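As structure tokens, the structure follows; a few thoughts come after it.
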């Protein structure tokens, strides 16, 4: 029966079953954590150390010996030391010959050395079978119990039998091995822990640029312009009013940018008449970032909702309403009820609520725990059909907000339109092109191309 470790200590141990011994070179945080995990999973662990007599804090049940003595105890040796300390291994080449060396090291920065640490280790000890593993798991995850993506252990090596034995250990520890091929993949594997949100950089940078641009644009229209021509101090608008314009525009723009690469890809396929040509690298990267773009857009939509909820308690709003009420009472006048204005106001709010609801639904279905529970057709329906419906509702929400002022010349300041007009450019462009693409005469051709048909094919 295959033994599999649970995060807790086993209640009973079958003493008749022979324990496999694993050697760990290094008694640092990761080495101790990995050793404790292996002991919990039924392995016999022996540590190799420079100073075995002075080594403390080791897990109970583990043995500590010198490097040469520990290496003789097992044919699997985990190298839990930094690359700069590998030189002593050359003195143990005879002892390590034919053994499996598991390199778990990482560097301080990407491309710090010309070759990977695992390849360097294989060069130092040519008679050993070097396998790269465990470098994407932290000591904290081993101690507390790895969850979700942190359970994945990328494994690579040139010897298939050695790699399989390491993958068996990974499974017995309750982790998920991911075979990445030969040792040449080690350089890429060693980059993973050093990458800081690689798929989130483009969305973050883009949203930051949009926010900065829109902030200065709104300051020019709503703060500087009134001060120059009317000597009004509207700087207080920079706290609530201007951010509450920036956030929805950024959210709508980012949502449109989620679907724009798909539209561009469809146009390229129609132009080329085939699906068997690669997209440009920038378009590939853009399409890979669509999930992150959508989640960042949802974050800005949440900020817009929160900022909108605090509008009634703002001092400026309470002062303006109170002043208007007193003025009407003194003049004994009242504003007549406008049915068209009521329709515009209620439609604007209703479209915003529905759009935000679908926006949240898109965000929920993009979570791995939810997306893994639906099939591809259901996921595509939510992310594509409901996604475009969300874009339509949010765009309509912005259009109705503009109402009669949308293209009014009186709304221009220094020939600059309102910020929400700029926010409609990309969404409207995406929706118009998408409308053209779903027309039967275009959609039929695009469907045939995606099913393998080629315009210039001889077959």
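In case you wondered, yes, glycine gets a Cβ from its N, Cα and C as well.
Taken together, the residues in the domain 'Pyrroline-5-carboxylate reductase catalytic N-terminal' (21-107) have a mean pLDDT of 89 on the 0 to 100 scale. What TrEMBL records for 21-107 is domain 'Pyrroline-5-carboxylate reductase catalytic N-terminal'.
What TrEMBL lists as domain 'Ferric oxidoreductase' is 249-394.
Cβ atoms under 8 Å from those of the transmembrane segment (204-229) belong to residues 197, 235, 237-238, 241-242, 245-246, 249-250, 253-254, 257, 293, 296, 300, 413-414, 416, 418-419, 422 of the same chain, restricted to positions at least 6 beyond its ends. Residues or ranges marked as transmembrane segment by TrEMBL: 204-229 (among others).
Beyond its flanks by at least six residues, the transmembrane segment (249-271) meets 203, 206-207, 210-211, 214, 279, 283, 286-287, 290, 293-294, 296-298, 300-301, 304, 359, 387-388, 390-391, 394-395, 398, 419-420, 422-424, 426-427, 429-430, 433-434, 437, 442, 445-446, 449-450 of its own chain at Cβ-Cβ distances under 8 Å. Annotation comment: TrEMBL describes 249-271 (among others) as transmembrane segment.
Per TrEMBL, the feature transmembrane segment maps to 292-317 (among others).
Marked as transmembrane segment by TrEMBL: 348-374 (among others).
Taken from TrEMBL, the feature transmembrane segment covers 386-402 (among others).
Annotated transmembrane segment per TrEMBL: 414-438 (among others), in sequence order.
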Rank 348-374, 386-402, 414-438 by Cβ pairs under 8 Å to the transmembrane segment (292-317) and hand me the top one. 348-374
With helix taken as DSSP H, G or I, strand as E or B and everything else coil, how many residues of the domain 'Ferric oxidoreductase' (249-394) land in each class? 122 helix, 0 strand, 24 coil
Go through the chain and flag residues at least 6 beyond the ends of the transmembrane segment (414-438) whose CB is under 8 A from any CB in it; none is fine as an answer. 214, 217-218, 220-221, 225, 245-246, 248-249, 252-253, 255-257, 259-260, 263, 266-267, 388, 391-392, 394-395, 398-399, 401-402, 405-407, 446
